[in-house]
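Student: Dumping what TrEMBL says about this protein:
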| type | residues | note |
| --- | --- | --- |
| BINDING | His74, His76, His243, Asp318 | Fe(3+) binding site |
| BINDING | His74, His76, His243, Asp318 | Zn(2+) binding site |
| BINDING | Arg83, Tyr146, His179, Glu246, Ser323 | 4-imidazolone-5-propanoate binding site |
| BINDING | Tyr146, Asn320, Gly322 | N-formimidoyl-L-glutamate binding site |
| DOMAIN | 65-404 | domain 'Amidohydrolase-related' |
Amino acid sequence: MYDTLITNISQLILPEKGPLKGEAMKKLNVKENAAVALEDGKVAWIGSATERVEANEIIDAKGNVVSPGLVDPHTHLIFGGSREEELALKQQGVPYLEILKQGGGILSTVRATRKATEEELLEKGKFFLERMASYGVTTLEAKSGYGLDKETELKQLKVAKRLNEDSMLDIVSTYLGPHAIPPEYKRDPESFLTQMIALLEEVHRNDLAHFTDIFCETGVFTIEQSRRFMQASKALGFQTKIHADEIDPLGGTELAVEMGSVSADHLVAASEQGIQDLASSETVAVLLPGTTFYLGKDTYAPARKMIDSGAAVALATDFNPGSCVTENLQMIMSLAALKLKMTPEEIWNAVTANASFAIGREDLAGQVEVGAAADLVLWEAPNYKYIPYHFGTNHVKTVWKRGEKIWERGECHVFSVPQSESQS
Ligand code: IZC
Ligand code: ZN
């Protein structure tokens, strides 16, 4: 007798383990007319919907899709304030890096995050996490980077750690101390970087992050500075990530591969050499089409060229208060179809197997396997292609994390207002 049986599944998505590179991304493992049983928070049995299986709770998927919980491998989850005032500047054509240069952008969020208490950041983080879960995300990465000083960077990382402990979701932390250069160090970025490197030790000692990250971009950190930071990170045992070649082609993609980074993120302006380097490595290209969309740009990351050359591609929201303000990974899946020209099979592999590999969770997330944690999503969609196709809405019916229902589509009174409310 199992705890739960989900049956009548039209398609059960069973991604292969990542990293899925090139051709391997083009095949999605799908079991038609399936059923899955859960026991003690784990997947206990996978079979056909026609088999008779006993369970305490039986859920009829009614011919809909079940997938692994989605994995969002790049978010800036923890921050103070918000930046809706910058939308008008964007409309007037002021570039993202120009807003930053004038002391806005990331620096505006830094001011708000320094002011916020740990409790305030925690409450805000909870709110966003519930939204992410509602869209089917059960594992995610969260970066610091809005402190740019010791106290606030540690505060952000502690909040992420508490959210990981207190919630059902799995949150993997990344230390992004070198995210921008604070005004007090404008004339001496090298000594700012030295401070952020010095902080690595404390982050490591308190087990506050698994990964490190740096914003390698014109006016932010150079290739040489990024290499220095990554070498220091590796020396302490961190795995590295990098915000690379987002706006200007500095060669951050090549650097990521040279350093053996687990991922290189953005890559809109990645060079031909960078793409070849990715293809010959296990560094995952984490693409963030929501950011290109939100910045109002026309040129998207060369996903087709990357996959066709043999690289591993993952997709993420880049959820942050400035350049991509959305918790909705399903929207990113649609943008990947429309703007990156990725196929539905590639898209599903990119938000499951490759996303989990990009955050070192390939054994724990992005899969449906007997013995693995029961992180599952029941969709209101007849097949997996339907989800990226029907954009901008939430297709999730139910989300399970380690076998527990953590989100379910709520009440709706459009066709029936409850009696007590209509009478009062
Ligand atoms: O707050 O603008 N690109 N970092 C690098 C960001 C975007 C987040 C932000
Ligand atoms: Zn980012």
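Here the Cβ of each residue, glycine as well, is placed from N, Cα and C on the backbone.
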Student: Centre the Cβ atoms of His74, His76, His243, Asp318, go out 8 Å, and tell me which other residues of that chain have a Cβ in range of the Fe(3+) site.
Tutor: Thr75, Lys143, Asp265, His266, Leu288, Thr291, Ala316, Phe319, Asn320, Cys324
Student: Fewest other CB within 10 angstroms, which one of the binding-site residues His76, Arg83, His179?
Tutor: Arg83
Student: Near ligand 2, which of the binding-site residues Arg83, Tyr146, His179, Asp318, Ser323 have CB less than 6 Å from any of its atoms?
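Tutor: Checked binding-site residues vs ligand 2; flagged Asp318.
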Student: Taking only the binding-site residues His74, His76, Asp318, which have a CB closer than 6 angstroms to any atom that belongs to ligand 1?
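Tutor: The ones that qualify, in sequence order, are His76.
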Student: Averaging the per-residue pLDDT over the domain 'Amidohydrolase-related' (65-404), what integer do you get?
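Tutor: The average pLDDT of the model in the domain 'Amidohydrolase-related' (65-404) works out to 97.
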Student: In the same chain, outside Tyr146, Asn320, Gly322, whose C-beta lies within 8 angstroms of the Cβ mean position for the N-formimidoyl-L-glutamate site?
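Tutor: Sorted by sequence, the hits are His76, Phe79, Arg83, Gly105, Ile106, Thr109, Gly145, Pro321, Ser323.
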Student: Run through the Cβ atoms and count how many others sit within 10 Å of the one on Asn320 (N-formimidoyl-L-glutamate binding site).
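Tutor: By my count, 24.
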Student: Tell me, how many other CB atoms lie within 10 A of the CB of Glu246 (4-imidazolone-5-propanoate binding site), whichever protein chain they belong to?
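Tutor: A 10 Å sphere around the Cβ of Glu246 (4-imidazolone-5-propanoate binding site) contains 28 other Cβ atoms.
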Student: Going by DSSP, give the three-state secondary structure for Asn320 (N-formimidoyl-L-glutamate binding site).
Tutor: strand
